[in-house]
Amino acid sequence: MAVKMFLSKTRTSLSLFLCQHSSSPTCHFQPFRVSSISSSFSTNGFWTNNSLQSLRYFSQPILQNNPTNNVNEICRVLSDYRSPHHDIESALNPFSTTISTDLVEQVLKRCKNLGVSAYRFFLWAEKLQNFSHSKDSYDILINILGSNKQFPLLWDFLTEIKEDGVHQLRHENFWNIFRAYARANLPGDAIRAFKRMKEFDLKPGVTDLDNLLFALCKRKLVKPAQEFFDKVKLEFDPSPKTCTILMMGWGDLGASDETRKLFDEMLERGCKMDLVAFNTLLESICRGGKPAEAYKLFREMGSCNLKPDAFTYSIFIHAACEADDIHSAIRVLDRMKRYNLVPKVFTFNTIIKLYVKNEQQDEAYLLLDEMIEGGVNPDVWSYNAILAFHCNRTEVNQALKLISKMEKDSCLPDRHTYNMLLKMLIRVGRFDRAMGVWESMGEKGFFPSASTYAVVVHGFCKKKGRTEDACKFFEMMVDEGIPPYRSTCKLLRDRLLSLGLEEKTQILADKMQRSTSCTIQELSSTMSGEEDIDGGSRKEDEEVQKPMWYAHCESESSDG
């Protein structure tokens, strides 16, 4: 962490130096262009020849001989120049001699959340002499554009691929498009994408239909999925899997009557009943609030020549936990042990969450140990559920001991872990411990994002006499090129103004304006007060206030 921060600050300091001596009011510093630095400054006497030689020695391996650093720097450019009106091509040109198919793939994978920038980078690399993209690069970019909801760009890209004839689209590409439209809550567009497969020389089959229905049902878009299935089921030969997907969809909505209807339809068509379909029916009935009916059906499995598996029993564990019935859940778990059936981690986590909810943390710890002894490795959610309990009760020692246990059990903390822990430590005034946790993050390979910085800055802003620390971490975030939340900018600005430190807000705004990140530059108006912003988005506030998906583990009093 310390080395990373030093390199970032070195790069930022150099950027600021160049900006201060640039004729342009807004400087977009391009990393490590030593020749331009030499020509611009050697005549002015700012640096000696030895200084320039040292800089060349420092920068050349990064640009030419170190692919990992090249990936990092290109990703930084894509993040800094994410707006369509930014001149990203000029910023990328210094890297043209280092581009390879492997490097392009790594950059695209790292920048999966930067749809427009990734697309422009792909087109820029495509124009380079003697370079051609790999098959995987095409597939990765299709996924990126879809996941970022850049659908017009996506279809333009697909059309270009067809016209160029360099790359052959595959059925799997359209499965990803179905999922992207479903995530965007656009079922009609997902269905139209299915119909358009023929335009790209791909004949849709039952496997494509299954993937379309699964994508829609997973996002609870079951009604349009069912309606489309009813229209086309005579054109295809639906498999038991097709009906099971729809059954799962209705089951997730608790519509057990619809699930039973599909189940009976399968029997009428003479489809061979399998365990997956039967489990889906049981799960749907339980989610519909009828566990007794599901248990009655469970007892009839033998007559269908079906034997319950671990998932079958897990259905009843989840139903018991939903009903806040920990004793029934444990009875089912004990029954599974007798039959040598082992639940998945997700099922164990459901029981752990219920233990925590009922303030039975000792039993939760025992279940963790039992999981490990049984060969099931707890995941980060297993530990985070218990950690949320300790953080809510401000049990500092227990929380830190749990982090140590995670390390011992070879489970790495995630951003939720650190956000909860840092928030609690700052809230109770254990600043030394908070800084110790912060320093240890880099050693564990975790580097904070905007949400983690926000937790720290917000926490210090709310503690008397710690505004300087809040500023320090805010500046650190800017130095790292991480755009802060608008709500973070506004909170820090309001805190400084309340203390009569208006000059400091302008210093921070100036620092942001000199950043290599265009997004940070644009946010400087919020810090300076030139832009009237009521606050950040609701999502930003939730990142800081409710960092866990099991928000019931944190009371309102922990928002501090």
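A Cβ is built for glycine as well, from the same backbone N, Cα and C atoms used for every other residue.
Pulled from TrEMBL:
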- 535-544: compositional bias 'Basic and acidic residues' (COMPBIAS)
- 524-544: region 'Disordered' (REGION)
- 239-273: repeat 'PPR' (REPEAT)
- 274-308: repeat 'PPR' (REPEAT)
- 309-343: repeat 'PPR' (REPEAT)
- 344-378: repeat 'PPR' (REPEAT)
- 379-413: repeat 'PPR' (REPEAT)
- 414-448: repeat 'PPR' (REPEAT)
- 449-484: repeat 'PPR' (REPEAT)
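Secondary structure of the repeat 'PPR' (449-484) per DSSP, as helix, strand and coil residue counts: 25 helix, 0 strand, 11 coil. Long-range contacts of the repeat 'PPR' (344-378) within the same chain, counting only residues at least 6 positions beyond its ends with a Cβ under 8 Å from a Cβ of the stretch, are 310, 314, 317-318, 321, 324, 326, 329-330, 333, 385-386, 388-390, 409-411, 550, 552-553. Per-residue confidence over the repeat 'PPR' (239-273) averages out at a pLDDT of 85. Residues of the same chain lying 6 or more positions beyond the ends of the repeat 'PPR' (309-343) and with a Cβ under 8 Å from any Cβ of it are 275, 278-279, 282-283, 286-287, 291, 294-295, 298, 301, 350-351, 353-355, 357-358, 360, 374-376. Break the repeat 'PPR' (309-343) down by DSSP state and the numbers are 26 helix, 0 strand, 9 coil. Break the repeat 'PPR' (379-413) down by DSSP state and the numbers are 26 helix, 0 strand, 9 coil.
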